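A quick write-up on the structure given underneath.
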Amino acid sequence: MFDLLALTLAGQVPAEQQGENANLHWRWLTEGLLEMTPKPGYRQAVVLSAGIHGNETAPIELLNQLVKDLLNGDRPLAVRLLVVLGNPAAMRAGKRYLHSDMNRMFGGRYRDFDHSGETARAQQLEQVIAEFFADEGAARFHYDLHTAIRDSRLPRFGILPFQTRPYSAEMLALLDAADLDALVIHSAPGGTFSHFTSEHAGAASCTLELGKARPFGVNDLQQFAAINRALQAAVSGEPLPLRSGSELRIFRVERSLIKRSEEFRLHLSDDTANFTELKQGTLLCDQPGEEYRVQHVSEWILFPNPGVALGLRAGMVLVEAPRSTLY
């Protein structure tokens, strides 16, 4: 049976583009895209994606091993499954992206960027998702796996897209079982892959940040054992593992820090970790005509990056929220 990651990195097409084993039918759609359907039927349709940023290799390796186990018959499949390796060209180059950040392009936002391989791929992925979920009566899920650029005080966390409906109890149970440290609830629509599948496909979706970006072959996948066990259980229809970590913390985005001037200043050191706590009154950022000081007793910073282009988000300010916010 073929190796999806090896084929994708080599830019090759499998000798056979569809097949089956005792448990499932599989179909290679195009580069980095594989669909699998269980023979006994299913109640869930699941998208598992990684590599939207090409240098975030650990989740790619994790998904590739899951695909191998399913194709080799070492693990049963109980859901209809679409596996997405998001940005093959950037994966081959070992870079986050080649031209522009694909995870800002979904929901048709690729039209706002100069044409590139990434805009074409984002458009292609939107079409593939639409076709995968078309006329699908089963419950829909999407887990988009990433690793972070910087260190994090809470190293494993999920980001839930903004939506007006309650978040899926089944999805939240999986995220709990995956031993995530925190969940962050977005307060506005965005261009992420998970927001697209939530808004346009009605899927229960989450972006998962699972450690730091490292080159292929040097990841310690044991660090990802909890999320791996949870995803394995989900695709195989097995009971979820019991949570072993401390209680999951819930945050919501209070404010996005938008860089409107080249004079924008973020008053944090370059090595400030995600989820660093900030005390009330602290001057966090300023630019001509605008400054932001911490408003609540405590706020937390996520994805600080003052080097972004004008008009883009240079960080997010979080406040802690009760779990009831999810329902």
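Backbone N, Cα and C define each Cβ position, glycine as well.
Within His142, His146, His186, the residue that Swiss-Prot lists together with His53, Glu56 for binding Zn(2+) is His146. There are 26 other Cβ atoms within 10 Å of the Cβ belonging to Glu56 (Zn(2+) binding site).
Between His146 (Zn(2+) binding site) and Glu209 (active site), the C-alpha separation comes to 5 Å.
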